[in-house]
Amino acid sequence: MRFQLFIYFYFTIVVIAGTNTIQQFSDAGDRLITSLRNLDNNGTYETLTAEKVPIIEGQIQNISAKYEQHTFILKGLEAVLNYKVKSLDNNERESLEIEYEKVEKALDAALNVSPFEYIKKFKEVSRGKVVNALENLSREQNRITINGGREDEKEKEAREKKKRLDRIKRILTVSLLELGLAQGVADLCAVAPFACLLGVTVGSIGFIFWLALIYNAIQ
């Protein structure tokens, strides 16, 4: 009887948690749309807004429906949307046309690029290879040299890599508490300190790289 009650309460909690996650993601979508609308204070882009907002609303609804059984995905995407809202509200933005285009493109990627393929791909790689890859990334991030104020092609490439790594680092920071993926941190901290922000199971690395794809598209 106690076991049955435990099962009942467990599934009740799971259902409630899932419902709350869907609502929180939808709320983040609403805040994003409001922030986009607020960029057009004088109504110059009224036609553009009337065209784009229904598309974005539909994308958010479709994402909620597609991932309603995978709350960790919705929580990650919620973090991305919240970060975008914050950047828009802080005037870290481009033209309204470009911002609508970036949001639409990012949400389209969330719908059509499977996070499960990323997770599967990383699960097929041994933990040793993943840790080694992260170690190499960390080394690349720190290996930037400037000679006489002049950069050669390799140095420019290194800077571009650093920019990409910094973006990944930012999404890790944003997502840590909300994703609840803090597992197996210790073995990674020794080789890639920035990755300590996320406890890394091999599958969760794949998910984070998928999430970084969405993050890069929307920023």
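Placed from the backbone N, Cα and C atoms, the Cβ positions cover glycine too.
Marked as signal peptide by Swiss-Prot on the basis of sequence analysis: 1-19.
Among the features that Swiss-Prot reports, topological domain 'Extracellular' is placed at 20-170 (among others).
Long-range Cβ contacts of ASN42 (N-linked glycosylation site) within its own chain (separation 6+, distance under 8 Å) are none. Annotation comment: Swiss-Prot describes ASN42 (among others) as N-linked glycosylation site, evidence class sequence analysis.
Residues or ranges marked as N-linked glycosylation site in Swiss-Prot: ASN62 (among others). Counted within 10 Å of its Cβ, the other Cβ atoms near ASN62 (N-linked glycosylation site) come to 14, all protein chains included. Following the DSSP three-state reduction, the secondary structure of ASN62 (N-linked glycosylation site) is helix.
Residues or ranges marked as N-linked glycosylation site by Swiss-Prot: ASN136 (among others).
The transmembrane segment annotation in Swiss-Prot covers 171-191 (among others) and is backed by sequence analysis.
The transmembrane segment annotation in Swiss-Prot covers 194-214 (among others) and rests on sequence analysis.
Sequence annotations record features per position, and here Swiss-Prot assigns topological domain 'Extracellular' to 215-219 (among others) based on experimental evidence.
Residue counts for the topological domain 'Extracellular' (215-219) under DSSP, helix first, then strand, then coil, are 4 helix, 0 strand, 1 coil.
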